[in-house]
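J.: Submitted below is the structure of interest, expressed as structure tokens.
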Amino acid sequence: MKFVLLFGVLLVTLFSYSSAEMLDDFDQADEDELLSLIEKEEARKDCIPKHHECTSNKHGCCRGHLFKYECQCTTVVTQSREETERCFCGTPPHHKAAELVVGFGKKIFG
């Protein structure tokens with residue numbers, strides 16, 4: 001009888017320890033996931049929207065429907081005949097074509 005009682009106490013102790021470890025792992029995973037979501041949300045707030053200037057931050061454009069917008073630059077001649085580079089976030093032509101094909105496919109195949 002003492003052996004069964006000792007074995008039962010040992011089994012309950014091991015079970016509670018293993019379940020506590022599993023809960024700690026789940027809590028850590030939840031915290032990591034929450035921090036990841038917060039970081040992504042902050043990155044979205046800091047990104048440059050479509051058609052806005054990205055001359056100083058060429059890699060900071062936001063995401064579009066399917067692709068991330070790209071910083072597209074052009075050379076502008078000012079009234080004083082100086083050439084300056086102006087950049088804006090936009091969708092490149094090959095991304096526009098891909099979005100058109102995907103949209104067309106969604107309309108046909110539902």
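Every residue, even glycine, has its Cβ placed from backbone N, Cα and C.
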J.: What residue among C47, C73, C87 is stated in Swiss-Prot to be the disulfide partner of C62?
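T.: Swiss-Prot annotates a disulfide bond between C62 and C47.
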J.: Looking only at C61, C87, C89, which is named in Swiss-Prot as the disulfide mate of C73?
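T.: Swiss-Prot annotates a disulfide bond between C73 and C87.
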J.: Do you know which of the disulfide-bonded residues C61, C71 has the most other C-beta atoms within 10 angstroms of its C-beta?
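T.: Compared across C61, C71, the most Cβ atoms within 10 Å surround C61.
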J.: Spatial neighbours of C73 (disulfide bond) among the disulfide-bonded residues C47, C54, C61, C62, C89, defined as Cα within 10 A: which are they?
T.: C54, C89
J.: Minimum Cβ neighbour count within 10 Å among the disulfide-bonded residues C54, C62, C73, C89: which residue?
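T.: Each of the disulfide-bonded residues C54, C62, C73, C89 was scored by Cβ atoms within 10 Å; lowest is C73.
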J.: C-alpha of C61 (disulfide bond) to C-alpha of C87 (disulfide bond): distance in Å?
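T.: That separation, Cα to Cα, works out to 11 Å.
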